[in-house]
Amino acid sequence: MAAIIDIIGREILDSRGNPTVEVDVLLEDGSLGRAAVPSGASTGAHEAVELRDGGSRYKGKGVLNAIAAVNGDIFDAIGGMDASEQIQIDRTMIALDGTSNKSNLGANAILGVSLAIAKAQAASLGQPLFRYIGGPAARVLPVPMMNIVNGGEHADNPIDIQEFMIMPVAAGSLADAVRMGSEVFHTLKAELKSAGHNTNVGDEGGFAPNLASTEEAIGFIMKAIEKAGYKPGDDIYLALDAASTEFFKNGVYNLQGEGKKLDAGGMVDYWADLVGKYPIISIEDGMAEDDWEGWKALTDRIGSKVQLVGDDLFVTNKRRLADGIAKGTANSILVKVNQIGSLTETLESVEMAHKASYTAVMSHRSGETEDATIADLAVATNCGQIKTGSLARSDRLAKYNQLIRIEEALGPSGEYAGKSVLKG
């Protein structure tokens, strides 16, 4: 039992050089918790509001108003509360905000405080964060979704699909999975370079070559997997994030890079064709965020054999997830803590998904920091999958390195999710 005696918010920079919120929480026993808040590039319309200052400073992206909320109204409301009362503290902040999307105080302000309090309480108890949040049952190391080719909003190239990922399901451990991913990543770099493509990386550490189509990108990845000594569709599978809301307008999916304009039925056919050709086991945001009929059609068509992940569709929001479950839409939720804006609501969304036999994928954002909280959350929730970028950029590797440490701490009790994540 330790009361909150001080909360300090500050403005720091994320991996894109934009301001974000960092919060320190100090407890009366001297324990300190620190958390930094991530930020997305392709954001769903239904996400909680990330409060930005506007004006000329930092081109409008400053977060001094959110910092003022942390140091002022939020501290006034929860200062003196016991840090072990996470749910009560989060609900107090949500009530203080008074809006459905946290647009008053800002989800970035509330989340920073929420996560820092959990870290402070874990420190007070002398427990690692994953153990404090997940209890004794927290032991599953997640299969990484490693984003090795970037397109869409994450890169300056003509590829429509935002992320091409590999999932090393046959690894014997998390550390082994990271090694396999690294080997494929470096093999892919050599293949791209030998074909005359640039090997610059995008926001999430994946390569951003000037490729002509989705299938060309997949072809390079398949070749890299094989040249690294692995078998696609056995050792390593593919996963895609279409971020299709970004190219959906007036009922049409406009794949500019490929010169295709498709209605919902055509988009479903497009995905079914790709899944038939390649070992793709997961597609995120295959349909636009409010194309519920398209999502239902996609789920009915390939949902029995492919993980269909709702990111912009669900935005880590229980109400939208409940709608999706009731409609039989998608079969998985992407979990981004800043989409909903508090630890309590994040954990509630994961619990709802699991109760409905939906999978959950813990995820970073394209604008990240050295904060590795999501690694602990992935293990705490036993969600079995994590999406945290490529094998480049320290803001991405911070999460993989933390998972390696957690696996070491768990010892023989730890279990790598591996092929248990496969459908069908």
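Each residue, glycine too, has its Cβ placed from N, Cα and C.
Swiss-Prot has this to say about the protein:
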ACT_SITE  E204  active site, proton donor
ACT_SITE  K336  active site, proton acceptor
BINDING   Q162, K336, R365, S366, K387  (2R)-2-phosphoglycerate binding site
BINDING   D241, E284, D311  Mg(2+) binding site
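The Cβ of K387 ((2R)-2-phosphoglycerate binding site) lies under 8 Å from the Cβ of P144, M145, N147, M165, D241, L334, V361, M362, S363, H364, each of these being in the same chain and 6 or more residues away along the sequence. S366 ((2R)-2-phosphoglycerate binding site) sits 6 Å from E204 (active site, proton donor), taking the CA atoms of both as reference points.
Taking the centre of the Cβ atoms of D241, E284, D311 as the Mg(2+) site, the nearby residues of that chain (Cβ within 8 Å, site residues left out) are Q162, E163, L240, A242, A243, I283, D285, V309, D312, L334, K387. Counting every protein chain shown, the number of other Cβ atoms lying within 10 Å of the Cβ of K336 (active site, proton acceptor) is 25.
The (2R)-2-phosphoglycerate-binding residues named in the record, Q162, K336, R365, S366, K387, extend over a maximum Cα to Cα distance of 17 Å. Using CA atoms as reference points, the recorded positions Q162, E204, K336, R365 were checked against D311 (Mg(2+) binding site), and the closest is K336.
Using a 10 angstroms CA-CA radius around R365 ((2R)-2-phosphoglycerate binding site), the recorded positions that qualify from E204, E284, K336 are E204, K336. Of all the recorded positions listed (E204, E284), E284 has the fewest other CB atoms within 10 A of its CB. Taking the Cα of E284 (Mg(2+) binding site) as the reference point, the closest of the recorded positions Q162, E204, K336 is Q162. Counting only the Cα atoms, the space from Q162 ((2R)-2-phosphoglycerate binding site) to the residue listed as 'active site, proton donor' is about 11 angstrom.
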